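Read through the structure below, which is laid out as structure tokens, and then see the notes.
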There are 2 protein chains.
Amino acid sequence: MAYRALSEQEAVQYVKELPGLFEAGAILSSREIGDGNLNLVFHIRDEATGKSVIVKQALPYARVVGESWPLTLDRARIESEALRIQYKYVPDLVPQVYHYDQELALTVMEDLSDHILMRKGLIEGRRYPNFAKQIGRFMAHTLFFTSDLGAHPYEKKALVGTFLNPELCKITEDLVFTDPYENAPTNSFNPLIRREVEEIWKNKPLKLEIAKLKYDFLTRAEALLHGDLHTGSIFVTETSTKVIDPEFAYYGPIGFDIGAVIANLLLNYAGQHGLEKDGGKRESYREYLLTTVEDVWNEFVSQFVQLWHKQAKERSAHVEGLWQSYVKRLIQDTAGFAGCKILRRVIGLAGVADLNSISDEKTRAEAERLALLIGQELILKRGGIEDSTDITDIVRNATTRFDQEAAAV
Amino acid sequence: MAYRALSEQEAVQYVKELPGLFEAGAILSSREIGDGNLNLVFHIRDEATGKSVIVKQALPYARVVGESWPLTLDRARIESEALRIQYKYVPDLVPQVYHYDQELALTVMEDLSDHILMRKGLIEGRRYPNFAKQIGRFMAHTLFFTSDLGAHPYEKKALVGTFLNPELCKITEDLVFTDPYENAPTNSFNPLIRREVEEIWKNKPLKLEIAKLKYDFLTRAEALLHGDLHTGSIFVTETSTKVIDPEFAYYGPIGFDIGAVIANLLLNYAGQHGLEKDGGKRESYREYLLTTVEDVWNEFVSQFVQLWHKQAKERSAHVEGLWQSYVKRLIQDTAGFAGCKILRRVIGLAGVADLNSISDEKTRAEAERLALLIGQELILKRGGIEDSTDITDIVRNATTRFDQEAAAV
């Protein structure tokens, strides 16, 4: 079947014809629940049994601030293949793929609508006590088993070829690593922070470090990344974590995924300046977020190193001292990538609701200033980081400075 | 035509049928001049006009120390595609490809039999005054224009996919980065240096550094490497340099190619201990080799940086300070990879004639000890290297220590 965007009824017809999903004669309801910017997302449900699936179809364009630009349908293949690989290693942490259709750029997968987006949950001030352990396991397993440590070199190289993903990588290369640090037309920031943004554009040591991080992103094919692991790509309940939307999957530096998770926790941390009016509650929630940052790293690293010791196939992996030097470099990468991810969300295209939902512009500008401060410090001070508390210390110190400057005004 | 190894007469017939090479009715002679271990190499010549070509056909196995193991015919594709890409950037420094036949794993290319292998020339004590400039240009141009600095990110990623080259990479991974540093069955070294080799097997700091270099080789997709750039892959005359045999081409760390050239100059340097009896001549030739090592790096870096300034398309490339930090890391990589390349040629499978042609076993062992000393120092001291003279200083100091120890015995 040649590509065409499906209607709700066509989506129903499509899944009815797939074997093994619904009973013959089932009466299915269909509801398009996507935001329509990149993909159609149909929620299809058998009202009699309650059974449901998601049909996700890529659109051949991205709609950004009202305008469309063409975007490869190949991202549906990337997404479904990445989900299948992740499912192999952490079946409880990703939606199961039931069917993929290359012509229609369409994936039928497990319905997770009992979960909510983690970004939404954090904005509402909820806590997820299992999240750090679960996302730590997601990253440790998916990254380890697709890396040269856990995969046969032939398998790894074949996967590199499967996930070259040039178009979606280009989006990251431009929007995370380039545009926000110069006066680029894609940028979109609060006019009240123009002075701070212009200081960043002139900050040579910062731009040098970001250029190095970009070069690492371009060249360091360490493992099959999720590639866009922010809190809007994570579904949660009180007890469950599900990682979705790996359209940006490709072979890159491992710290990029870990950094994305930490960056988005810290964007919420900065957003608390405007999200939570009660000082005590804000303080307590921020402590929860910082503990989660530490736990995410600690869980990741303890599970990753355990896999390394027990399952590394690469003969050189067991050389004395290697894992320690690897982990040290990795936490520094993580901090650097987290910093870029924070800055781009404040300055560049595509902000985050953790900041954008602060209705008062001035309060929002203050929260954004704090985010910029944290992002820059993570990038510039990453060379001294050895442990997750070094990351949270940077955040705490930046917050103290921010509070003092605010008090001095 | 299904794959089969051609006879001399079939090779003649094959090229006769190709348009544009020889005149209709030309009488062609054919001579198989390969060593028969990996490939058939036919030298085909029109006796009337003197015009000649090379027909190189991959064999589906490698013959090593009497035994055969299967080896992908895909290496003929890799070689011909790499030659064509290199030809685009440095047409005077590689053989021109006239024709490639996928079924037969066969390439018809320019005949370079007026050149000799550089390794042979160095063993005979010849000097090549244009070599450093030419190999510097070969590396600067082929590496720059296939890197993220000089290629569009889409083009670079497509090339990564074209040159995954898992089987030949595995040979490098095993024989350069793993086997020589443990008691592996592939190793093959002079029994007289067993003590020194065993010391290397027990040298933990050295093995840690080599494991890091191996990880870089596995993961750092910086540019399309030649992948096997030793002096047996380089044809020379007094004035001309031609780089051949890029069967190992793949996307890896740039320092690996530069390190290969330097390592092979230094293997000859060590070999001079037995190759040249006359002390004065030996001293003078070694000075020539060390000057060449410096010139190779200096030529490479000056041409590479010039391309960077004038032709880098990557927007972040022009951030202040980036090229300097890049070059510093690169020379350290280069020294590390050069060290590994030296050690593997002494300890592992596939030695070099620069050492193996020393007939006296004891003298050869001494030369090999010097090579091991130089290789180890380059790896362990690379963190302090900033300029090419730091590399040659390491070699000079190792030689002084070696001479003193020899005198003390």
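Every residue gets a Cβ built from N, Cα and C, even glycine.
In TrEMBL this protein carries:
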- A:31-263: domain 'Aminoglycoside phosphotransferase' (DOMAIN)
- A:ASN39, A:LYS56, A:GLU110, A:ASP111, A:LEU112, A:ASP245, A:PRO246, A:GLU247: ATP binding site (BINDING)
- A:ASP228, A:ARG344: substrate binding site (BINDING)
Cα distance (Å, whole number) from A:ASP228 (substrate binding site) to A:ASP245 (ATP binding site): 8
Neighbourhood of A:GLU110 (ATP binding site), C-beta criterion under 8 angstroms, separation at least six: A:VAL53, A:ILE54, A:PRO95, A:GLN96, A:VAL97, A:TYR98
Neighbour count (Cβ, 10 Å) for A:ASN39 (ATP binding site): 22
Cα-Cα distance linking A:ASP228 (substrate binding site) and A:ASN39 (ATP binding site), given in Å to the nearest integer: 16
Between A:LYS56 (ATP binding site) and A:ASP228 (substrate binding site): CA-CA distance (Å): 18
Among A:ASN39, A:LYS56, A:GLU110, A:ASP111, A:LEU112, A:ASP245, A:PRO246, A:GLU247, the record's ATP binders - longest CA distance, Å: 18
Cβ neighbours within the same chain of A:ASP111 (ATP binding site) - under 8 Å, at least six residues apart: A:HIS43, A:ARG45, A:SER52, A:VAL53, A:ILE54, A:PRO95
Inter-residue C-alpha distance, A:GLU247 (ATP binding site) and A:ARG344 (substrate binding site) (nearest angstrom): 19
Secondary structure at A:GLU247 (ATP binding site), reduced by DSSP to three states: helix
Site of maximum Cβ density within 10 Å, from binding-site residues A:ASP228, A:ASP245, A:GLU247: A:GLU247
Listed in sequence order, residues with CB under 8 A of A:PRO246 (ATP binding site) and six or more positions away: A:ILE78, A:GLU79, A:ALA82, A:LEU83, A:GLN86, A:HIS226, A:GLY227, A:ASP228, A:SER233
Surrounding CB atoms that lie within 10 Å of the CB of A:LEU112 (ATP binding site), all protein chains: 18
Reported mean pLDDT - the domain 'Aminoglycoside phosphotransferase' (A:31-263): 96
Cα-to-Cα gap, A:LYS56 (ATP binding site) vs A:ARG344 (substrate binding site), nearest whole Å: 27
Between A:ARG344 (substrate binding site) and A:LEU112 (ATP binding site), the C-alpha gap once rounded to whole angstrom: 29
